[in-house]
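Q: My questions all concern the structure below.
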Amino acid sequence: MASSAEAIVTHAERSISEDAIVAAARERADDIGAGAVTPAVGALLSVLARLTGGRAVVEVGTGAGVSGLWLLSGMRDDGVLTTIDVEPEHQRIAKQGFSEAGVGPGRTRLISGRAQEVLTRLADESYDLVFIDADPVDQPQFVVEGVRLLRSGGAIVVHRAALGGRAGDADARDAEVTAVREAARLIAEDERLTPVLIPLGDGLLAAVRD
């Protein structure tokens, strides 16, 4: 029998339904082997996009566009999503979902390239929300750059902060775990940030900038 905590998380994950457009994007993600956030994570991203104003949002890891669709659903009608992915084919497929959702081309800026390089070209303190869903070993660098991009009151959200529980296993010391712990340390020790770890998906580490 699942513990009460596990039951609550399971209930939360099952409580969100997706529309046909997001469901189709999720199927395409499965087809190309691109990871996609769970519906509950997507719903939380939509809420955070709305709470932070949703005018300018950065996403690291476009995938097939599932998380992008959720982010856009919470953003302002004139908000712009800048989404970065090293795989041009993933972005081509994501564009299909954005088009099906009626998202105008002026509301998305898809940048194909290494996020480590692209993020450094984005302006300081100009974004309401930064969502990171990429290789865990790169989380520390993405956190540093992501926090730099945030305006006052903006939020950073890092997915895969739990690594299936390995991040909390004292005996685990592989490269992914080490990087995830370092990203968490950077956020925890930044006095400008108020953080929280949310047990949805593979763990979400979120923080708001003062």
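From the backbone N, Cα and C atoms, a Cβ is placed for every residue, glycine too.
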Q: If I go by Swiss-Prot, which of Val37, Val103, Val118, Val157 binds S-adenosyl-L-methionine at the same site as Glu59, Gly61, Thr62, Ser67, Asp85, Val86, Asp135?
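A: The candidate from Val37, Val103, Val118, Val157 that Swiss-Prot ties to S-adenosyl-L-methionine along with Glu59, Gly61, Thr62, Ser67, Asp85, Val86, Asp135 is Val37.
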Q: Can you give the largest Cα to Cα distance in Å, as a whole number, for the residues Val37, Glu59, Gly61, Thr62, Ser67, Asp85, Val86, Asp135 that bind S-adenosyl-L-methionine in the record?
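A: Across Val37, Glu59, Gly61, Thr62, Ser67, Asp85, Val86, Asp135, the widest Cα separation comes out at 18 Å.
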Q: Tell me the Cβ contacts of Glu59 (S-adenosyl-L-methionine binding site) under 8 Å, same chain only and six or more apart in sequence, or just say none.
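A: Result: Ser67, Gly68, Leu71, Leu81, Thr82, Thr83, Ile84, Val130, Phe131, Asp133.
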Q: Does Thr62 (S-adenosyl-L-methionine binding site) have same-chain partners at least 6 apart in sequence with Cβ under 8 Å from its own Cβ, and which are they?
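A: The list for Thr62 (S-adenosyl-L-methionine binding site) reads Gly68, Thr83, Ile84, Asp85, Glu87, His90, Gln91, Ala94, Leu110, given in order along the sequence.
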Q: Which of the three DSSP-derived classes (helix, strand, coil) applies to Asp135 (S-adenosyl-L-methionine binding site)?
A: coil
